[in-house]
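Database features, via TrEMBL:
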{"type": "BINDING", "residues": "Lys111, Gln174, Gly206, Asp237, Lys380", "note": "UTP binding site"}
{"type": "BINDING", "residues": "His207", "note": "substrate binding site"}
Amino acid sequence: MTEFQEKLRQQHEDSMHRELEALLATANKEEAEISRKDFDGFKKLFHRFLQVKGPSVDWAKINRPPEDSIQPYDRIKAKGLPDNITASLNKLVVVKLNGGLGTSMGCKGPKSLISVRNENTFLDLTVQQIEHLNKTFNTDVPLVLMNSFNTDEDTKKILQKYSHHRVNIHTFNQSRYPRINKESLLPIAKGMGLNGANTEAWYPPGHGDIYASFHNSGLLDKLLAEGREYIFVSNIDNLGATVDLFILHHLMSQPADKRCEFIMEVTDKTRADVKGGTLIQYEDHLRLLEIAQVPKAHVDEFKSVTKFKIFNTNNLWISLPAIKRLQEKNAMEMEIIVNPKTLDGGLNVIQLETAVGAAIKSFKNAMGVNVPRSRFLPVKTSSDLLLVMSNLYSMDAGSLTMSKKREFPTTPHVKLGSSFTKVQEFLKRFENIPDMLELDHLTVSGDVTFGKNVSLKGTVIIIANHGDRIDIPAGAMLENKIVSGNLRILDH
């Protein structure tokens, strides 16, 4: 760095520290204590952000991971299960990332409270799964929710309804970081409040924050004291992320000196997953490579299914003692994701974030497990919602499995147009969910509604042009059809 750049960097850092102190002065004592811990983490991130310019990887140093560093799931399953899997379950904690809102699906409040199947929400299904596990194996696996300031209050209100279920639920909050003005690199917040002018001034800094906030909350130590050894972390909207006993047994059966501290579940890429992060070998470590870190010239190569065949499902198994060790040594290395946003008033800001899987390179004996696609069933859009609500899946104790009646195990490709984006709108357009057991591909665009007991097979494309409307009649069976034009069915 030139002397000029170094001075500038120092100036930015000093100004940031002054602003953060001024913000803390607006908080009450209890709030200031929590926020000071948050700001300590933010200062470290900001310091690194000022140091690093340009892509954080040297493309020439990227290698495919060695064969044994990503194990096929079948090899792990082939080991079978011991008689006393309960002993292993007693050392496990399930952590769900619950910081996100349902805004992208047109819903207010936490995304985990959206109904996905027979009136059950993501949270209901999670609680049912773990309760079933605890009853079946007579164990006590706790559920931990990592909330954000956006979801904490609403989630806690709902948790009361599970008080009679056989599952202990804990929560902790991820940090609250200040959004910074893209030009001045200073916080846009005027005080520590969340309302009024400050509504858009704060953000939860990505799920990589789990390590610091889990540690700061005191919950990590509490669980270690109970004899817990591993956490299974996943996104609460991934309905395929259930506790897998074979992976758990694999972790527990390693010799003490070769204990695997981190398993990332990966699965084979399809055309729909080209943006997902992938595992690479980089300077003798397994490392997660995200699309945001790829130099522009190599983005197409990154997306190719031939060079990078797998992607991260964000189902992770991580050693609790290892998290404690790395946090206390301040040795958790995660690349910074710089996320630019434009606020409603047109102000350009940046959010500094990290991803939970990026810490894989800091853990000992880390490995990937190439799992079946069924362990990755995220609900990000109404198209995903249509799939999980349909007869493609059957539900048992909160877990969704592909129906035995479907002849091939792949999921159909579904693309619903903008009229279906919001869950409320989506539900109005279906009298009930069509039979999709034999569907390969569905595209729907424009003002389209579906009557009762419609059946869709093969490839079905339905396009209502602007100003037109198509009502698919009750009982219709569409197989390899394109429907266009205008079709109204009105009550007489």
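The backbone N, Cα and C atoms fix where each Cβ goes, and this holds for glycine too.
Automatic prediction, not curation, is the source of TrEMBL annotations.
Annotated features, which come from TrEMBL, shown on the structure.
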residue	record	Cβ within 10 Å
Lys111	UTP binding site	24
Gln174	UTP binding site	28
Gly206	UTP binding site	23
His207	substrate binding site	23
Asp237	UTP binding site	22
Lys380	UTP binding site	14
Gln174 (UTP binding site) to His207 (substrate binding site) - Cα separation in whole Å: 8
Residues Lys111, Gln174, Gly206, Asp237, Lys380 [recorded UTP binders]: greatest CA to CA distance in Å: 21
Calculate the distance in Å between the alpha carbons (Cα) of Lys380 (UTP binding site) and His207 (substrate binding site), and round it to a whole number. 16
Pop the Cα-Cα gap between Lys111 (UTP binding site) and His207 (substrate binding site) into the table, whole Å please. 15
